[in-house]
Structures are given as C-alpha cells and as structure tokens.
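Before any comments, here is the structure.
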C-alpha cells in the first residue's frame, strides 16, 4: 500500500505544481495586460484638414477599442470596434471617421468644434484595460482672414482710383471753363477798350 500512496502524492504534487505554474503564468500575463503607445499626445491642425490620431497597442487576444471625445460642448462616443470586425461609428461622426486595426482613427475635414480631448480605451477579453488621451487643437486658417483683408484693400484702392480719376476730370473741366471765361473776359474788355477809342 505504501507505494500506491506515494505515487498518489507525487501525482498530486505534479498536478499542484502544474496548477501553480499555470496560475503564475496567468497572473504574469494578466499583469502585462494591455500596453498602449501614443506617439503624439498633442496635435495642432487647421480647419478642413484630415488628421490621424495614431496609437499602437499590444495585448493577448482581440481587444475592444473605444474612442470617446470630450470638450466644452460635452462628451460623446465616436467609435467602438474589435480589430477585424465592422466598426460601430456614432451618427455625429458617420462619414468623418476611418478606423485602423492598430487602434488608430483618422478624422476627415476637422473643424474648430473638433478641438478637445480624444480618449482611447483598449479593453482585453479578460477585462484588463488601458486608456490614453490625445489633445487636438484646431484653429482657423489665418490666410482666409488675410484674404478678406486683401479683398477689402483692393476694393478701397479701386474706389480711390475712381475718385482720383473723377477729380482729375473735374479739374480739367474747371480749367477749361476758367480759360473760356478768361478768354470771354479778355474779349469783352478788348471790345470796351476799342469802343472807348472809337468814341474818343
């Protein structure tokens, strides 16, 4: 009987050892969980520009990726998907978002209202998750304002040129009118002098 119990103990010891090893490996994998890398945490863009919110993640299995947007106007979900499957894009961003399997998204034709915080959450099947934030600042295109100023200045220059031309024409007309008047005055004074000479 003794050899049989020692065999059971050895088998039980091996089972417990394998179980402990598996448990340690699972804990090690779970502690690694999801890692997330964001190469550019702040992005400056101009209106109507297409921008890429670039990220990279690593985890075991296929995670769920979710992007949300937070700003002065509130918080909303942009998109949620698992790599390799159809993305669930919100109505507000329906035709403006493109997703990539590495977790990145591209926003098309951004506006000033798109400025804010973009939060990505990568959740593993076992429940561990990691999140990161990208700050986006969208500004108006400066040359549009300069274009407006240039058009106004060109218009004012054209009006000034027309006014100068009109003043020049008026000056010429006044000069001719004065010459005719002087000429008439000269003629009339000459006639008076001639009349006086004739009378004398």
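Backbone N, Cα and C define each Cβ position, glycine as well.
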So which range, 121-145, 146-170, gets flagged transmembrane segment in TrEMBL?
146-170
Per-state residue totals over the domain 'Immunoglobulin' (40-139) - DSSP helix, strand, coil:
6 helix, 54 strand, 40 coil
